Amino acid sequence: MYPAHLLVLVAVCVSLLGAANIPPQPLNLIQFKNMIQCAGTRPWTAYVNYGCYCGKGGSGTPVDELDRCCYTHDNCYNEAEKIPGCNPNIKTYSYTCTEPNLTCTDTADTCARFLCDCDRTAAICFASAPYNSNNVMISSSTNCQ
């Protein structure tokens, strides 16, 4: 084998090893992102670190109406986890989007439908709630008591 071929082979292997350490984004999160974009005018990234509950985790009292949307969504996912075999992070669902209308199409009383309803309700709530840029990236230790 030529030295140049060996270098290319090593480079490809190293690249693949690096890519293997990047976790895939949960499919449900992608669906939720698409619902947010369907229902509203703000990009989904506007909600990533908003208030005390928009984003990963949450604590304290929601700072405003929009943060309450995230609080309610978190609680909805907590309820979904009580359904046997229902994992909000990986379970996908079916819905239609005719901007700004969202319709969940899975059979009622299933995990998929429950999760879709959680995401649909949150996306509609986000679209109607006022957005206060002062509540982005707030200190949870100071503002989320």
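FYI, residue positions are counted from 1 along the chain as it appears here.
For all residues, glycine too, the Cβ spot is worked out from N, Cα and C.
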- Query: Looking at Swiss-Prot, which one out of D74, D106 binds Ca(2+) in the same site as Y53, G55, G57?
  - Reply: D74
- Message: Which residue in the list C69, C104, C111 does Swiss-Prot annotate as forming a disulfide bond with C86?
- Response: C111
- Item | Selected from C54, C76: Swiss-Prot disulphide partner of C70 | C54
- Query: Choosing among C104, C118, C125, which residue does Swiss-Prot name as bonded to C116 by a disulfide?
  - Reply: C104
- Task: Looking at the disulfide bonds in Swiss-Prot, identify which of C38, C144 pairs up with C97.
- Result: C38
- Which one is it, C69, C76, C144, that Swiss-Prot ties to C118 with a disulfide? C76
- Task: Quick one: which of C69, C144 does Swiss-Prot link to C125 by a disulfide?
- Result: C69
- Message: Cα-Cα, whole number of Å: C144 (disulfide bond) versus D74 (Ca(2+) binding site)?
- Response: 15
- Item | Residues that sit under 8 angstroms from C111 (disulfide bond) by C-beta distance, when 6+ apart in the chain | A80, I83, G85, C86, K91
- Message: An 8 Å radius from the center of the Y53, G55, G57, D74 Cβ atoms defines the neighbourhood of the Ca(2+) site; name the other residues of that chain inside it, in order.
- Response: C52, C54, K56, G58, C70, Y71
- Query: How many Å separate the Cα atoms of Y53 (Ca(2+) binding site) and C70 (disulfide bond)?
  - Reply: 5
- Among the recorded positions listed here (C38, G55, G57, C104, C116), which has the Cα closest to the Cα of C69 (disulfide bond)? G55
